Amino acid sequence: MEDLKILSVTPTSEITFQFFGNSDDGDKIRESLNRLVQRRRLSEIALESTHFTFQQKPALRLQILRLDRSNEHEVHLGDEISLRCVAQGSYGIRFIWYKDNMLVNVSKANRGIRYEDLPNDGLDMHASILKIDKATILDAGQYTCQAIDRGVQQCKSLYVQVKNEPDVKITPMSTTVEKGSNIQLTCTTPNMHSTGIGFGWTKNRALLKLEPGSEIWEDLYPDGSILKITNVQKSAIYTCNVAHRSMSVRVELTNRTLVPTCSKEKSWALQWPDTAPGSEALLECPRRFVGPKVSRLCSMKDATTPEWLMPDFSNCLYEPLLRPYDRFRSLTLGYQNTTGSETILAFWNVLRSRELSLYPNEADRILSILVEIERYQRTIDPSDLHRSAEALTRIVNRILNEKNSILSPQRLWILLQIAEKNLMHWSKKLNQGCVHLSLSSMVVDIQPLQSQNSDSIIHSLQIPTNDYTYPDWYNDNIAIRLWKKRFRDGKSNSTYKGIVIVYKNVSSFLPNVYVKELDDGTDLEYWINSHAITVTVPSFKSDKHNKILVDLQMKQLRNHSGSWNVSCGLMDYSGSWNLNGCTANTFPGDGMTYCSCPNTGTVALFLTARAVRVVLAKKEQTTFIVTLGCGSCLVQCSLSLLILGVYWWKNRSWLNFLKVQCCGALIGAMALFIYAIRGNLSDRNYSLVAIGLEAFLLVGMSTPISEALIIYSQLVHIRSNQHFQPTVIAVITGVPILAVMATELTHKSTGWRHESWWLIYGSGVYNIFVTCATVMFFVFMILYMGVLHKAHALIEENVMKKETIESRTRLLHRAAVIICGIIATEASSIFYINSTSIIYHYVFASLSSVLGFIIIIAYVVSNEINLLRPVLRKLKWRLETSNERISEPIKVCSKIEAEMQNDAIPPPPSSILAEPYIETRGIAAGSIDMREFTTETSSYSKSSTSVAGRYLPEIRIDRPDDINLENYNTSPRKYQEAFDTAFAKRTSQCLAESYGVTDRNAFRDFAIHQNVPSECSGKLLCSADIESRLSAMPDVTLAVKTDVEHMTGVELKAREHVNVIPDIANTTERKQPDGEEKMPEIRITSCETTTSGMLDRISHDLDYLLNRTHTKEEV
């Protein structure tokens, strides 16, 4: 017998004791004790035999510790773990569980873990079972069961291994190659060796087939696989599958000559490979870091320039932080060996001793761990929160002191919330104490509010105080005032503490500019311009009886222009800024702004400006006015288009086409304006409407420029052909449209989206359109001034008729008015879309209506008035010719002036015009009026009228060509006449230029001729050499008189049939294929002094023709 021990002595002198002995000696010990009781005395102690009780129990014996599973060696992630500990002992036996020398405390766990003691089975056998619902990798380790009975303890241990899933890793994790390249992918499982599980590959989620020469793979020893890809032709995603785990890598195919890539570089201790735009480069975490990967995105800065964005290290954890974090994770699993505050202190010690700066977004992982610890403390162990408050504050300071340590504004808001909650827990344990922490990136003050008794109890606090020192950058003042209603009992012993946190550089972690859409359709731009200040009073709640007011005097960090306003922003619980929560007052000169807030929170100064984006006018009245103005312009332009279209169809000229084009462009622009204003456009329709408006308005502006350029070409003696005018129109119209389309394609390639259906100040579309419109206006002004200068010079030189020049200048003036109207309408539309003022709505509507009025006046009404001019001019000519005589022997009537005056108007009635000409391939005599190209010799002027259906062949006026008709066997002898040399020189200068009238589908060109020398006589007798490639020749009638009466008697009668005269040049064969005969050319070769020269020549030609006819008949 040994270890005798008295367990208890009661007041009634009952003694309980125990001892240990051999179980085989139990009977002997019982007999000895009975004898002792029978004696009733043990030394001086009397014994009562009736109260003697003897019990024999087995001693403590820990028999078994095992895992309740059929296969103890197969515990996988997520499986249930059940450990059974069986011991023999008394009823007071206790069991305690340990895991890797850490106490298993189920009250500290935030998962399913428990243990239970089974009752005695009658054989003094006791058991305890530890159950874990889902196994994790941290559950692997040595479990110990400790049994304690009557002061004796025994332990037994068992190692449990949790089989982890394979961690699949592919090298490289991302790659960009060119077409035809070769690449090798290696798949391994670093956390497991000799798994005995096969490796499989898939391509684009389909089982990869073994194709020699293209894609083959081979196994690695002990575990791994290599995929060799030869002659890459397409981008693809390759996946390595191991058991239930897999990893994928994208092989990006690119053409570096067509698509620029982000070039490889070394930064942040990592070598970044060439990467295609829109792809991420994935690398392993740097040395001394653990985690799956580091990512970095390659994006397009603009249409041609790629750039690397900031890398993301949020998946990497600094290796020294891993051990304290694993201990904390074990605590959350129920293995107590640390606390949350001890983990935060360990983190701070690691970060304090770390000399290396934080990598970009590395603090995101640290912040996640801090949030996890704070949540655990708040739910499981609230008493532990205040113990790590200072260390957590210093960790926040270290994070804010590192540039780019956090890249997400939302994560920054979480960091500020953690800091505020941490200080609130700290303030509750301070009682009457104060705290002041002046750190590099933040200053913390926890001070009690001073109480002032009156009708209502007032508590106030002023920060900064004179008791502490503050850094140089601290320029703000904070005042907190509380109003609390005094109740009848007068008891109010509450003590409040105010917490003030001033952050130095929070603005560097926030976006440069915030954009907020307001209710009136505008966008509000704002950006932070001060330190961020957090103010809170933990135990105070504001209601109708208790109020709080926070007054802040804040220094602006940067000066601002007058276009920006200053607002105080209050951060709400979602992390966004409310610019209406506080009132701001700014006094000029000192750069200070005073904010008054009715609530606590985080406050900062913001510079605000409205980026106007009125998609749809909100007031129906102004919307109706704008629609009415645009509709008025639409109706007037439509009416003009109808009239001009009918006339252009009958009299097709390029000038008429330009007027039709201008009307059509304005109709399209006004229709789009009405559609955008009245309809609710979606964002995806913005680009279509904006492009349409730009195109229509630029086409409308190009019309006056084309008109001015055509008029200018006529005045500067440019010899035009049938392709000159359409080329001018195509170039002037196409270039600005091309610029708009190219800009839109660039925006599409860069992903840029339109902010509105029209031009917004500062946008790229706005800048390009305004630039195009400005350049086009200056081009027109240069042409306008050039044409006016040239017209003035021609009038002074007396080369052209003054009336003809004035008709062209009037057309130019009308074009100037139209382009000015279009520009005014464009400017008002831009003000309308970018301003909320109703005035611009009325201005835009008015100018749109005026533009339509200008179009119908300039293109229709003014030319309708011009229709009467030929009639009046003809009547006046008839009256004057009865009293005056004209010494012109040959009258050649012209359509030049009538066409220039009436290119865009309907034809006059045939009853007031001369008789029409039949369409022939010859020329009607009297169709050329040389008076437009000679100096006026009389006080009256005559103009031929435009005749529908009258088309002339090309007429060229040139120096005499020496055409030798004697080269042919049937040609007459060349007519020769002697004349003096002086006269030849003089006559050669009479008509030095040419003009032509092309076929039915061509437009008329007019060339202005040089001055007629004074030596030339007013009488012109011209011989016409007719060169024809036709088998028939039109009738040519020449009237030669010496007075006005004979000349006015010339009548041009319409002929249904044309007299056919044999070809002078050749009578045996055609010189051109059928259907390709050229129009006859008439060359006015020389001027004669008398009519006899011309008559002699005609008689000579007639003699030849008659002789030739007789010869043919004889043959």
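Residue 1 is the first one shown; counting continues down the chain.
Each Cβ is built from the backbone N, Cα and C atoms, and glycine gets one as well.
Heads up, TrEMBL stuff is auto-annotated, nobody curated it.
As annotated by TrEMBL, domain 'Ig-like' applies to 58-147, 166-254. Annotation source TrEMBL lists domain 'G-protein coupled receptors family 2 profile 1' at 262-320. The feature transmembrane segment is assigned by TrEMBL to 624-649, 656-677, 689-712, 724-745, 765-787, 811-833, 839-861.
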Any contact, the transmembrane segment (624-649) to the transmembrane segment (689-712), with at least 3 Cβ pairs under 8 A: no
Considering the transmembrane segment (765-787), which listed stretch of 689-712, 724-745, 811-833 counts the most C-beta pairs under 8 Å: 689-712
Cβ pairs under 8 Å between the transmembrane segment (839-861) and the transmembrane segment (656-677), at least three: yes
The domain 'Ig-like' (166-254) - residue tally per DSSP class, helix then strand then coil: 0 helix, 48 strand, 41 coil
DSSP-assigned states of the domain 'G-protein coupled receptors family 2 profile 1' (262-320) in counts, ordered helix, strand, coil: 2 helix, 27 strand, 30 coil
